[in-house]
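Novice: Dumping what TrEMBL says about this protein:
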type	residues	note
DOMAIN	33-118	domain 'Pyrroline-5-carboxylate reductase catalytic N-terminal'
DOMAIN	260-405	domain 'Ferric oxidoreductase'
TRANSMEM	257-282	transmembrane segment
TRANSMEM	303-328	transmembrane segment
TRANSMEM	359-385	transmembrane segment
TRANSMEM	397-418	transmembrane segment
TRANSMEM	430-453	transmembrane segment
Amino acid sequence: MSDGLNDVSTGLKQESVALCPLEAAAAPQQEPLCIFGTGDFGRSLGQRLLQAGYKVVYGSRRPQSCGPVPPGTQVMSHMAAAQSASLVFLCIHRENYDFLETLAHQLSGKVLVDVSNNLKKNIYPEANAEYLQKLIPGGHVVKAFNTLSAWALQNGPADASRQVYLCGNSTEAKQPVSEVATKLGLSVLDRGSLNAARELEDFPLELFPVWRLPLRLTLGLTVSFYTYLFLRDVIYTYVTEGKDISFRIMVSLANKVFPIVSLILLSLCYLPGVIAAFLQLYRGTKYKRFPDWLDRWMLCRKQLGLIALGYACLHVLYTLIIPIRYYVRFKIAESTISKVKMNQTSTFDTSVAWRSDSYLAVGILGFGFYILLGITSLPSVSNALSWREFSFVQSKLGYLTLFLCTLHTYLYGGTRFLIPSTYKWCTPPGYMLCLLLPSVVLALKLLILLPCVDRSLTRIRRGWERNGAGDDSRKALLT
C-alpha cells in the first residue's frame, strides 16, 4: 500500500518537474533588432527601441571605438550584426552604401529599413531606397523613419512628429516595420510601393511648404504698403514742408502697415469660401471640382489667419508703446506749454470722445475674437471640438471678427475721407485702401445670407442638382 502511494507520488513529482522545461521552451529568446550606424540618429533610435523592450545590436566598422552607445546594447562588426537579426535599420548616408555589397549574402532575405535623406533634391537619378534595393537585390527594402529627427526620437514624439511614412514592395516586409513604429508610439501611414521613396525623401527637405504662398503674399503686401505709406507720409512731408520725419519709419509707419495687412489677410481667409458658394450657385451642383487656384487658396486659409493674427498682435504691442515714445511726449509737452503761454484751454468734444471710445472698444472686441479664432485652430483645441462647434467658431465668429475689425477701421477714419488734405498727392490713405476687400467680402456674405439665396445654396450642398448639372458634374469628376 505504501509502495503504491510512493509510486504515485513519485509519478506526480516527475510530471511536475517535466513542466518546467516545457514553460522555458514556450518563451523563446527575443531576436534583436540590428542598427547599422552609431551616429546621432542611430543612437537615438536604439535608445527608443530599448525603452520599448527590444534587444538592440549595432553594426559598426570600428566596434571597439565607435563612440558611446545606449547602455544595454551590443556593438559588433557589420557582418556579425547582420547575421544576428532579420530586421536591419540602415542609419547611414547613401555615400557609405558601397560596403553593403560585400554583405549581400548576409543581408539576403532580411528586412532593410532605409532612413537616409539627402541634402538637396534630385542629386541622384533614383531614390536612396531604390538604389539600396539594387545593391541588395535579395533584401526587402522598406523606406521609413526618415521624416523623424534624432531630437524627436530622444524626447518622444509630439503631435507634429508622430507620423511615420513607409513604403516598400513587400507587404510582409512592411508589417514588422509597422509593428515596431506602433510600439514606439508612432502612427504609420503606408504610401505604397518603393516608387514613393523619392517623395518620402523629399519631405524633410521642404521648408514650410504650406506656408510659402501665405508668406509670399504677406511679404508682398507688407513691402507694398510700407513703400506706399513712406511716400505719402515721409517723402511728401519732406517735399512740401522741408521737414525730416524719417524717424517715423520705425514705429508710426509699422503701426499703420500691420493692421492694414492683418485686415486684408483676414479678408482673404473668408473670400475663397464666398467665391466657392457663388460657383456652386452658378453651376447648380456641388459635385464639380473647384479650380486648382481656388483649391490651393482654400487649403492655406489657416496659415493666412495665423499670420493675420500675428500682425494684429504686433499692432496691439506697437499701440501700447505710443505713450512712452519721445516724439509723443515731446508733442504733448509742447502743446501744453504753448497753451499755457497763450492762456488758452481746449474744449471737450463729446462727439470725438464717443468716436474714440467706440473705435477702441470695437478694436478690443475684434482682437479678442481674433485670439479665439487662433486658439481654436490649434490641433489640441480643435480635436476637442465637434465639427459643428469648430465650424461655428471659425465661420460664424470668424465673420463677426471680420466685421468688428472692419468697423474698427471705419471708426478710425471717421469723417477724414471728407477732408481734402487727407489725399496727399491725390492718393487715399492706407486704411481706406485696406477697407475695400473686407467691405466686398462682407457685402457678398450678406447676399448669401438672403433667404432665397441661402435656401438654394443649402439644397445644393445637400446633394440637390439643377437639371442638366448632374451629367456635366459626372463628366468633370471622371476627367
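Each residue, glycine too, has its Cβ placed from N, Cα and C.
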Novice: Using DSSP, what is the helix/strand/coil residue split across the domain 'Pyrroline-5-carboxylate reductase catalytic N-terminal' (33-118)?
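Specialist: Across the domain 'Pyrroline-5-carboxylate reductase catalytic N-terminal' (33-118), the residues distribute as 33 helix, 19 strand, 34 coil.
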Novice: Could you please provide the mean pLDDT value for the domain 'Pyrroline-5-carboxylate reductase catalytic N-terminal' (33-118)?
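Specialist: That region's mean pLDDT is 92.
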Novice: As a quick check of your reading of DSSP, tell me how many residues in the domain 'Ferric oxidoreductase' (260-405) are helical, how many are strand and how many are coil.
Specialist: 121 helix, 0 strand, 25 coil
